[in-house]
Amino acid sequence: MSNTSSLQRDRERLDKKTERRNAARNQSGFSWAQLREALPDAARKLNPTEQWRNPVMFIVWVGAALTTLLAIVEPMLGGPTASGGAEVPWSFTPIIALWLWATVFFANIAEAVAEGRGKAQAETLKQTRSNTMATLIEHYDATGDAAAERATSIQVSSAELKIGDIVTVTAGELIPGDGDIIWGIASVDESAITGESAPVVRESGGDRSAVTGGTRVLSDRIVVRITSKPGATFVDRMIALVEGAARQKTPNEIALNILLASLSIIFMVVVLTLNPMATYAAAPVSVTVLVALLVCLIPTTIGALLSAIGIAGMDRLVQRNVLAMSGRAVEAAGDVTTLLLDKTGTITYGNRRASAFLPVDGVSEQELIRAAALSSAADPTPEGVSIVELAEKQGWTLDADVDGEVVPFTAETRMSGLDLPDGTQIRKGAGSTVSAWVQDAGAHVPVSISIQLDRLVSDISQQGGTPLVVAQRSAEGETRLLGVVHLKDVVKEGLPAKFKELRAMGIRTVMITGDNPLTAKAIAEEAGVDDFLAEATPEDKLAYIKKEQEGGNLVAMTGDGTNDAPALAQADVGVAMNTGTSAAKEAGNMVDLDSDPSKLIEIVRIGKQLLITRGALTTFSIANDVAKYFAIIPAMFMGVFPQLGALNIMGLHSPASAVLSAIIFNAIVIIFLIPLALRGVKYRATAASNILARNLTIYGLGGIITPFIGIGLIDLLVRLIPGF
Ligand SMILES: Nc1ncnc2c1ncn2[C@@H]1O[C@H](COP(=O)(O)OP(=O)(O)OP(=O)(O)O)[C@@H](O)[C@H]1O
Ligand SMILES: [K+]
Ligand SMILES: [Mg+2]
């Protein structure tokens with residue numbers, strides 16, 4: 001009963017999430033208000049020390065400065081020089097200078113708008129960073145005895161907490177720092193960082209033990225071991241991230257920048273050789289016109305929008321509650337070919353609960369329940385806790401004087417248990433490991449029992465449940481298999497459709513689990529993944545990723561457990577669930593605040609969209625530049641070479657108006673493309689070659705045609721300026 005209601009809650013939460021996500025999607029559009037707010041920052045960025053990092057725009061900046069100087073000195077030197085044999089009005093150089101500054105400014109606007117979107121969010125986050133008081137336990141003895149802890153606790157400021165400090169947090173209090181719960185269970189309001197109003201449950205022992213500083217405990221009491229220094233907390237990292245302070249150019253961006261800079265140098269040579277080639281026929285082309293030509297030729301469109309595209313990609317992830325710790329990870333997401341998901345908590349809801357005790361012949365249910373419950377009495381994992389709960393429901397109670405040596409569960413051993421003082425040993429765990437433990441003792445298991453046990457195990461597995469086999473070794477060394485505990489988990493809804501979508505994107509999904517192959521197969525089929533890897537230890541997960549990477553695949557992985565951490569670190573895109581352990585969150589290069597593994601689909605989509613947008617706008621920019629050149633050259637030189645007039649297909653009015661129109665077009669194309677750069681080119685799940693062909697057509701052809709139309713239209717206005 002409690003299971004259904006918790007399922008319902010989960011479902012409601014998911015619905016709410018979808019709602020919020022849709023709202024975020026609308027918000028991630030582009031508004032003129034954003035543009036207005038970005039103006040002061042854009043002006044600040046006119047500073048040359050800001051500009052030189054972007055070689056293409058730096059050239060424009062230098063051109064703008066140069067023409068401004070010329071505009072000032074020209075009148076003193078007797079007016080503008082005729083260019084290429086054509087007269088130009090006195091206002092030519094000042095107007096060109098003005099539009100060159102506009103070009104730089106528009107590029108700054110693009111970047112400032114992209115950055116501005118994170119600023120509001122950073123402000124809200126900063127409020128959660130406020131200093132709180134922490135109850136530091138000086139001598140922690142792990143009993144969970146509140147009174148004893150209070151006796152040895154002192155109040156300190158959260159800013160003084162060190163890694164490894166143990167604090168206790170009670171209902172109503174703010175958690176003073178990032179950490180892992182080492183004792184207790186609590187519901188926590190994490191809305192400050194996730195925007196999600198429904199409280200979440202955090203508990204010690206399992207894969208939901210991490211808590212974030214600045215979030216509030218709503219019920220109960222927890223003991224937390226601090227895992228981060230003040231100033232280097234999760235929220236600090238989030239703030240740096242959304243503010244863009246931590247942003248570094250990605251390898252792809254650097255490569256593209258080098259390409260754009262090289263192109264610019266080539267065009268500079270082209271422009272500088274114009275005069276030596278042309279002088280024999282006419283007067284030299286003026287410096288102003290040379291600068292204008294150069295700016296038209298170099299890839300200013302992509303140069304202006306490149307960093308905005310990158311920031312917007314990160315921002316789109318933030319809007320969907322995903323924090324990407326590096327831009328490189330976002331790019332890698334666009335090229336991912338293999339996606340690894342763990343089973344428990346990722347494909348299933350993850351509240352794996354005991355649902356039945358199934359003894360083998362000759363063992364009473366009471367005996368199995370007692371052994372299973374005793375071996376779980378000190379097992380803090382959700383599985384262990386649920387076994388005790390079910391046993392208690394069936395009438396079992398823990399003797400007050402039971403004591404013994406706890407054998408904790410690990411993902412390597414796949415087993416946990418208790419060694420009682422009288423020498424009795426109890427173990428529970430995966431069928432294969434417990435059988436091995438029984439065999440190690442040289443115990444003789446009757447064939448009928450082992451057949452019965454195998455059947456129980458495979459029945460549970462085929463239903464997608466996790467069987468835990470329970471065995472006991474008496475003080476005299478007699479080892480017996482007692483039976484099986486059925487752990488139930490539920491596959492999340494809607495997964496097959498999501499995996500189908502991934503398949504259409506060319507991504508193979510693989511489920512990795514520590515569970516046995518039969519359970520794995522049943523769940524894999526129900527969820528609709530392409531492949532699965534069962535009985536995987538953390539090392540196996542790591543090895544699997546390395547193998548995929550050696551085969552040239554880019555691997556994404558989601559995980560939440562400490563045992564997932566090495567694999568999360570090795571994956572090209574490692575998405576840690578926010579509910580997970582701190583170890584997992586440290587290891588990954590992304591954190592999903594909603595802890596929704598199917599979010600990877602959106603992450604991949606955003607990564608692809610980033611790469612496609614960058615590619616499309618680069619194509620457009622370069623096609624545009626070349627076309628611009630052919631659009632204005634005939635008009636520029638028609639005075640000297642009248643034959644060229646025939647090529648002036650747009651009928652540009654004069655050499656001066658042709659050059660100015662091209663410069664104006666070059667500048668405003670940036671403004672027109674800001675929304676596209678921020679929103680991203682539409683991505684549909686289809687083969688990469690289709691996308692490439694489609695974009696080459698749209699943005700390549702578009703890039704060639706638009707200058708002819710745009711410059712022609714602008715020329716109609718420019719010719720109205722006296723003298724042009
Ligand atoms: N508390 C426990 N005590 C004993 N055995 C356990 C306990 N929890 C899990 N097991 C056994 O160990 C196996 C491995 O558990 P582990 O948490 O590493 O992987 P998993 O949760 O099944 O897979 P994943 O989380 O990767 O999807 C489980 O399938 C189960 O058989
Ligand atoms: K250009
Ligand atoms: Mg697990």
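Glycine too: its Cβ is placed from the backbone N, Cα and C atoms.
Among LYS343, LYS428, only LYS428 appears in TrEMBL as part of the ATP site alongside ASP379, GLU383, PHE409, THR410, ALA411, GLU412, THR413, ARG414, MET415, SER416. The transmembrane segment (280-311) makes contact with the transmembrane segment (54-72), as judged by at least three Cβ pairs under 8 Å among residues 6 or more apart in sequence.
When Cβ neighbours within 10 Å are tallied across all protein chains shown, the highest count among the recorded positions ASP342, ASP564 belongs to ASP564. For ASP564 (Mg(2+) binding site), the nearest neighbour among the recorded positions ASP342, PHE409, LYS428, judged by Cα separation, is ASP342. Candidate recorded positions: ASP342, ASP379, PHE409, MET415. Nearest to ASP560 (Mg(2+) binding site) by Cα distance: ASP342. Taken together, the residues in the domain 'P-type ATPase A' (153-243) have a mean pLDDT of 87 on the 0 to 100 scale. Taking every pair among ASP379, GLU383, PHE409, THR410, ALA411, GLU412, THR413, ARG414, MET415, SER416, LYS428, the residues recorded as binding ATP, the greatest CA to CA distance is 16 Å. Counted within 10 Å of its Cβ, the other Cβ atoms near THR413 (ATP binding site) come to 16, all protein chains included. Cβ crowding, taken as the number of other Cβ atoms within 10 Å, peaks at ASP560 among the binding-site residues ASP379, ASP560.
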